[in-house]
Structures are given as structure tokens and as C-alpha cells.
């Protein structure tokens, strides 16, 4: 597979001709798009930041667990209609959307593969933080993230086998089951502690939740910034990947919400399913890509997970902002209606008691 990709997409002579357009230490160079080797500073920075982000993520998931009621969480597991809808969105809508976008834009086979890998990934933990801020169902959100990560061990190979065989051999794609397992452990353990704290000390859990939600918001932005710092390649890549990276998360959010509503879920659960569908585990996608392909192939595809993560975050923030504006407007309208009703009741009672109306009711 790798040799066929190289023969189709690279020409040694053209690489040599274009080498002057890239930095002297570029390992792969094609025009102005280059792959640079990691230096020692970058490796050290990556290890330090990964450690800090892992600790912060565990604390955030612990705080999110403080908002989960054990009874409600077990209720979703026993009556998993919401989880089933999320499963259809995660491993039905997203891989199919990735396949259709790859066909519609007629991108290179190696680029179609990375789009499909992204579509087959489970939901990311950032969705739990955003779900909290849009008043989603946290019990459903965390149970969906947990189940999609667990089911990914079987569903990812199946989806990749179905959708990638027209472009490449699915056996050539290396799935890091250890990374999926670590993601599952990193999710379940802190959330379980959070659920326990909420069960034993609910007042303290509320304080932890407020702090954790703020830290979570900072963490999401920090991860995006770190991705930009550690990224060592050129941003000049195929415009088609930029367009797909913009459309794909937006389609995931929209189709997830639509399917949840058709399935009869309540509005706050529809928002939850929407976020769980559109927000993918981009770190897992990057790991799979780096394990499966050569540096020459990575030159055409390794930016897509970062592009997707940027736009999934951007659209999530737009959803959050829109919901907050709607909520503020609805609360104001509700308050005005209640005040009007109070005035009408007071005036009608004033006619009965002689026509007296207090100044504050006028």
C-alpha cells in the first residue's frame, strides 16, 4: 500500500527541484509544503505539555463526574435509548458523512483515508465540558463518551474495512488499542471518583463542578494553542481539506441534533447528542495516522486532524454562544410576561376593593 501511494503521489525529481522553497532541514518537501524533523526542544516541550494536559484533563473529568447522578447514569445504561441514538450518530452518520465528502471533493486516496479515520473515531472528552455549559444531560453525555470509546475497539475496524477498501487495504491501518484503552481508563476513573463525591458530599461537589467547568473551558483553548505550537509543518495544504475540515464538524453537529429530535429525545438531550456526534477524538486520529503511514504520506494528510479540531471547537463555541443568547432572551421574556400578569391581577383586584392601585403596580 505504501509503495503504491508513493508512486502515485510523489516524484523524486520534483522534490529535488522544489527543495529550495523549503527550510534546509526539511525531511520531505513538495513546493511550499514541508515536513520538518522534531528537535530536542520540541520533544521536551511535547512531553511536559502532554503531562500537564493529562493531569488537567483528569481533574476536569473528575469535576464533570461531580454533576452526574448515579441513579440517572445507571438509568441510561439500563434503558439505553439515548446511548443507542448516539451510537447511530457516532458510527453511522460520521463515517458515512466522511465517505460522501471524500467522494464529493474527489480528494487524493491518502487524504480520503485520513478523513475516514476521523469519521470513525469515538467522541472526545471536550464534548462533556461544552455539554455542561449548554445545560445538556451530563449523565447521557458521559455515558455516551464512555460507550463510544469502548465500542470503538470493534466499530473502528469494521467501519474502516467498509469505507476505506476502495482506496486502500484496511489491514494497513494500525489501530492503537492501547491508546483507546488508556483514553477509556482516563475517562472512567476520574468520572467514577466524581460520581462518588457527588453521592457522598453533594454540596462540595457543586463547588468542584464550578471550578472544573472553568478549568475545562481553559483546557479546550489550551489544547488548541498547544497543537499550534507543536505543529512543525506548513499550513499551505490542499484547499479541499480546509473545506472538508469546515463542513465535516458542522454536519456532525447538525445531523446529530436532527436524528436525536426525530428519535423523540428532549431538547437538552438533543443538544447533548449533537455535541457528542460533532466533537471527535482528534488526538486518537493523529495517533493512528502517525502509526500507519510514512513521512512522505503524512505530508499530505497529517494536518487534517488539527484542522478538524479547530473547526469543531469554533462551531462548539458558536453553539454555546447562541444557546446563551437564547437563554438570556427567554428568561427576560418570561420575566416580562410574569410582571404583566401580576399587574393585571393586581388591577383587577383593585377594582373589587375600591379602585386603589399602589404606585409600584402602575
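Cβ coordinates come from backbone N, Cα and C, glycine included.
Automatic prediction, not curation, is the source of TrEMBL annotations.
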Need the matching range: TrEMBL marks transmembrane segment on one of 140-163, 332-355, and I'd like to know which.
140-163
Of the ranges 20-42, 112-134, which one does TrEMBL list as transmembrane segment?
112-134
Same-chain residues at least 6 beyond the ends of the transmembrane segment (241-260) with CB under 8 Å of its CB atoms are 82, 85-86, 88-89, 93-94, 97-98, 101-102, 105, 107, 111, 115, 118-119, 269-280, 303-304, 307-308, 310-312, 315-316, 319
How about the transmembrane segment (140-163) and the transmembrane segment (306-326): do they have 3 or more C-beta pairs under 8 A, pairs 6 or more apart in sequence?
no
